[in-house]
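Let me begin by presenting the structure, written as structure tokens, before commenting on it.
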Amino acid sequence: MNAGNEITGLYEKISHARHCVGLTGAGVSTLSGIRDFRGKNGLYNEMDAEKIFDIRYFEKDPAFYYQKAGSFIYNIDEKEPSVVHTVLGDLEALGFVKALITQNIDLLHTKGGSKKVIEIHGSPKIHYCMHCSGIRMPFDEAAALVKAGKFPICPKCGRILKPAITFFGENLPIDALNEAVKEAQEADLMLILGTSLTVNPAASLPGYTLRNGGDIIIVNNMPTPMDDAAILHFEDLGEVFEGLRQVMEKA
């Protein structure tokens, strides 16, 4: 089977699925110029990187997070969705993809047109006070302050606000996690995109689909523990989704 036929076959699998769900990781966003965490040039290779997202360090010195994460988190509004983001948005609009479960915290799935996005590692779209209830600041407002060398401050107590990203030492957002499990169980097809499935709970989600008789398709440039279970496997995300875009234009 040639590459064109394989992409057409992929589109047919997606379009004929009863309940197709996407599971995405950092590889989707590196196409938009966003650095991943654990890759060869990932953020965790830098000094103090893990401290940036450690709740213990944030509680001691929240300014440290904003000083270190400024260029990583607070310029994501300047990034544009990749072909993967936009095609997934189009597939949802067509009714083919029912939900996206993402490990990413860059908001690009929403920017790419997807409506049902389950962010299992939280999201910076809201900043909140850890001490005062009801205090919320949207990402755009917080980002403008950080870019100006300032911090988002609680108007009640004067403390620095925290983004609703799940830091190390914090529990994952239970509502998002429960919704992700529900979608994985419901799926008769899961697209695993840009993740090596090495970190739980995301790594466990394909198992729910498989145990309920569903199929998985993997597009990732590194091996995953689920490769042998996939009915289709591709490596180049950009190439595959550009091919999907072309197939969709002709459909």
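From the backbone N, Cα and C atoms, a Cβ is placed for every residue, glycine too.
Remember, TrEMBL labels are computer predictions, not curated facts.
Sequence annotations record features per position, and here TrEMBL assigns active site, proton acceptor to HIS121. Feature annotation from TrEMBL assigns Zn(2+) binding site to CYS129, CYS132, CYS154, CYS157. Feature annotation from TrEMBL assigns domain 'Deacetylase sirtuin-type' to 1-251.
Projection of TrEMBL feature records onto the structure.
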residue: HIS121; record: active site, proton acceptor; Cβ contacts under 8 Å, 6 or more apart: THR102, GLN103, ASN104, ILE105, ILE165, THR166, LEU172
residue: CYS129; record: Zn(2+) binding site; Cβ contacts under 8 Å, 6 or more apart: ILE135, CYS154, LYS156, CYS157, ARG159, LEU161, LYS162
residue: CYS132; record: Zn(2+) binding site; Cβ contacts under 8 Å, 6 or more apart: CYS154, LYS156, CYS157, ARG159
Among CYS154, CYS157, the one of these binding-site residues whose Cβ has the fewest neighbouring Cβ atoms within 10 Å: CYS157
Secondary-structure category, per DSSP, in which CYS132 (Zn(2+) binding site) falls: coil
